[in-house]
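Enquirer: Can you keep this structure in mind? I'll have questions shortly.
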Amino acid sequence: MIRWLLLVALAVPSLSSASWRRRPAQQRQPNTVNPMVRNMYNMYNVYGMLREDSNENAQEELDDVTPSNHTEYDFIVVGAGTAGAAVAARLSEVPDVSVLLIEAGPRENRLMEIPMVAAYLQFSDSINWNYKTQPSETSCLAMKNHQCKWPRGKVMGGCSVFNFMAATRGNRRDYNGWAAMGCDGWSFDEVLPYFMKLENFEVTDTPVEKGYHSTGGPVNIGSAPYRTPLATAFLGGAQELGYQIVDYDGKEQIGFSYLHSTVKDGERLSSNRAYLHPVKNRTNLILSRNSRVDKVLIDPSSKRAYGVLFIKRHEVIEVRAKKEVIVCAGAVNSPKLLMLSGIGPERHLYDLGIDLVQNLPGVGENLQDHLSYWNLNFLINETASIRSMELMYPTDITVDFAGDYMKTKKGPFSVTGGIEALGFVNVDELSSTETYPNIEILFAGLSAASDPLFHMLLGLSEEHYDATYRNMLGKESFMILTTLIAPKSRGRILLQSKRPEDDPEIYANYFSNKDDVRVFQKGIELSIQLSKTRAMQKFNATLSDNPILGCEHFVKGSDAYWDCAIRSFSSTLYHPAGTCKMGPVNDVMAVVDPRLRVIGIDGLRVADASIMPMIIAGHPNIPIMLIGEKLADMVKEDWDLLSNNQVRKNRSWDRMFARNRRS
């Protein structure tokens, strides 16, 4: 914990130093203070914001309750993350049903709301499951032990608390594809009303297509109030190459845009803040935090789920569900929990000594993820980028970026993890705007050279970091993240043992389909082409040519070189999906049916990214909230909870959400 506090203090100086901020700018002399002393002082100041018993957010949070053993609730929701928060909030709209929401992690705090510190939150063991992929000889080659880090949220709001806040829906063909696979009710026309229901769209700096957006929903979608001139040049460069500036959540996705983000007034808006803060006074919604669910309880004769077993403060507690258990634990932990509960591949469970309840061979299979290439760093000859060291220790002593952000919620700290703009393209059909994208190009007004902690975030080996990045530290630079958003490779998740406290084994199988490397390379080449446009050359953008260990013997720019580079410096964009695949009941690899009911088990559903039969072509944060919204309606329909004017109540509740959002 202390180690992480030091890292956060390094990243976000003077975060809660009110006395420092109140001093006139001309009296501040940050560069005369011993850096070690200053950072220890900063650590002390942020400690109160990080403590679990801090009152910083207490008035806005649901109370933490420890249920008595064998207490009954109508619904039990496992996981208060991106989907679980939506599910619990929507189900508890019905006043005469009780909902128990169980979350493994602590409350969200003010530090987590600062967009720029998104990546640094991954350093906390208290809010991150800290998973890693299994060692590989074909991917993650620049990482320690050839393992890619897989941060997963363990906090109120889940991954929506430390993701990069990108608000995208994916492509209409994603959802039409699901429907074509037998997932009735999931076509684009059928899910669009849920996208519109959940959002409060406030983007004004990019095109907005009529009929695709709405206001009044719980999830605010806006833009960062700060932008580097590099981001504007990036979009200008895209236009030079013939691309349009588009509403990528409109009719067609191909094109470029400034980033739409889940932010409100310069702060992150997690699913916790969006869905749960406004309903903190509901007496029929009960929350148990810091509670790890180890097993779904299932009657082996009737094959009906009747409760869960969880651990809280070393106490084993069993609670009962009168109606249903809904698992929203994410693409890693949902299949893990099902397998621990006896639902999964028969042979795997037998080998681990777990009693089989339902043989579902698809549990843990079909793993998909978006990979990004993290080594396109471009040096520039102007002061135009975001440098973390400059944010920490401004060379101009009249500047206090952190203090100014705390007062105005503007400036560099309002940028969503450094990401400012993006584009969706199909590198095999560059001239078409009516096609399915296979590459996303993300623009960041900072780079690996901007941050001395970058290698720790990715888990780079010291040798690779020293060879590729060390001599770039502190220089003006930006990064283009080329991302494979239609991967053909598939992985799997297995249990390490039958002990719930043991991490699962994640076999990402990146590049097991070689076409992923080909598409990736074409995307990287297009990204480099963008850097050479007139708009970007106004900053003399120059790709860093530092060597990549293990790739030196290949001719730079050759197919063999890019194959080596891609397998070395590609890592997750934090979007695993597909491990509890939705499908028709006659699909042998389906885990849940189109109403998200676990096949063969009554009273048990799954609702999160794990149910996606095919990963969407975009960032899944908003689609996962949609899954939660749609699941809640299906549950209400199946239990006849939409009667007695409940539909009317729902609509008025949406308006209440809008009134209760913090302004």
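Each residue, glycine too, has its Cβ placed from N, Cα and C.
Remember, TrEMBL labels are computer predictions, not curated facts.
Below are the features listed in TrEMBL for this protein:
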{"type": "ACT_SITE", "residues": "His575", "note": "active site, proton donor"}
{"type": "ACT_SITE", "residues": "His619", "note": "active site, proton acceptor"}
{"type": "BINDING", "residues": "Val155, Val293", "note": "FAD binding site"}
{"type": "DOMAIN", "residues": "330-344", "note": "domain 'Glucose-methanol-choline oxidoreductase N-terminal'"}
{"type": "SIGNAL", "residues": "1-17", "note": "signal peptide"}
Enquirer: Could you pull out which residues elsewhere in the chain have a CB under 8 Å from any CB of the domain 'Glucose-methanol-choline oxidoreductase N-terminal' (330-344), counting only those six or more residues past its ends?
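Expert: The answer is 78-79, 81, 129, 131, 150, 152-153, 158-159, 293-298, 354-361, 363-364, 367, 493, 495, 498, 500, 504, 506, 576-580, 591, 598, 601, 606, 608-610.
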Enquirer: Just the number: how many Å between the Cα atoms of Val155 (FAD binding site) and His619 (active site, proton acceptor)?
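Expert: Val155 (FAD binding site) to His619 (active site, proton acceptor), Cα-Cα distance: 20 Å.
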Enquirer: Which one, from the active-site residues His575, His619, has the smallest tally of other C-beta atoms lying within 10 Å of its C-beta?
Expert: His575
Enquirer: Reduce the DSSP letter at Val293 (FAD binding site) to three states and note it down.
Expert: strand
Enquirer: Are there any residues in the same chain, six or more apart in sequence, whose C-beta is under 8 angstroms from the C-beta of Val293 (FAD binding site), and if so which?
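Expert: Non-local contacts for Val293 (FAD binding site): Val78, Ile102, Ala104, Val308, Leu309, Phe310, Ala329, Leu337.
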Enquirer: Give the helix, strand or coil assignment DSSP yields for His575 (active site, proton donor).
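Expert: DSSP call for His575 (active site, proton donor): coil, neither helix nor strand.
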Enquirer: Mind giving me a neighbour count for Val155 (FAD binding site)? Other Cβ atoms within 10 Å of its Cβ, every protein chain shown.
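Expert: Cβ-Cβ neighbours of Val155 (FAD binding site) within 10 Å number 27.
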Enquirer: Across the whole of the domain 'Glucose-methanol-choline oxidoreductase N-terminal' (330-344), what does the mean pLDDT come to? Round it, please.
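Expert: Summing pLDDT over the domain 'Glucose-methanol-choline oxidoreductase N-terminal' (330-344) and dividing by its length gives 99.
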